[in-house]
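Notes follow once the structure below has been shown.
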Amino acid sequence: MEASPRNPSERSRSREKLVGRVIWPAIRGQNCPICLGALEPRSAAVLTSCNHAYCVRCIRKWSGLRRKCPLCNADFDSWFSHISLSSRSFHREILPPLDSTSSSRSFSLQQEEHPLRHVRNSERRRSRPLRWRRSFGRPGSVTPDVIAERKLQWRVSVYERRLQAVPSAPRSRLQVSVPINDGVKERILQRIEPWIRRELQAVLGDRDPSIIVHVATSLFIASLENVGHVPSGQCDVRDDFLARLRPFLLDRTDMFWHELRCFAESSFNMETYDAVVEYKRLRRM
């Protein structure tokens, strides 16, 4: 006797759970790793194989060349899109076989304007997957709180082991003095404040370092405006510039500033940066 298919209500409940437990956690508060634009449910695509999320427009262009996730290199042949949180619905798009001639075609992705693009050259567009160096759990398989705690402990270990991020962009790219209007400043702050807050939690062991977050963000904006910003090598002037941070961060001040600049100068959002940033043993700065 053949088993009867699940009734419509069971299928509906299953799809609602998939939206709540997998699809929405993959999108919530995230940016597309390709164009860096904020992900919105109606215009996002969540890969079915690994649950990494992108703009539909970006991943569709990528899929015309490769069928491997740009972040983790997992094979994919479909994604969830047309996501509606109100109705807990989505569409699964299954891709046709990749044209064997696609890999020989030129391929580029138009990146959205980046808050720091006026102080550095545009990042070289990527046609190869980023090297996936670490994972903190697949979205949907563990809760966001667990992933956040794992990332925080990883940041703690960076300082305890005295590791140093390898910059993804040449340092000369910030050696430009430019005016920063209020709109640009706000976009920069929205990008770096969450990173600074988590970093200070790791360094200080304080869950609410709000006052020091303000100090660090102010110093970083000042450095972009070339107020107190000096070329590398003039340590005495740099020490004076970072003097407001040293009473709080002590001997980790220079490490913190290096880590902040590496993140801020990169083209990645926090999630992507956490996964791909390379580390080496700390040298004397």
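Sequential numbering from 1, following the chain as shown.
Just so it is clear, glycine is given a Cβ too, placed from its N, Cα and C backbone atoms.
Record features (TrEMBL):
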- 111-122: compositional bias 'Basic and acidic residues' (COMPBIAS)
- 32-73: domain 'RING-type' (DOMAIN)
- 101-122: region 'Disordered' (REGION)
For the domain 'RING-type' (32-73), mean pLDDT (0 to 100): 87
Secondary structure composition of the domain 'RING-type' (32-73) [DSSP: H/G/I, E/B, coil]: 11 helix, 9 strand, 22 coil
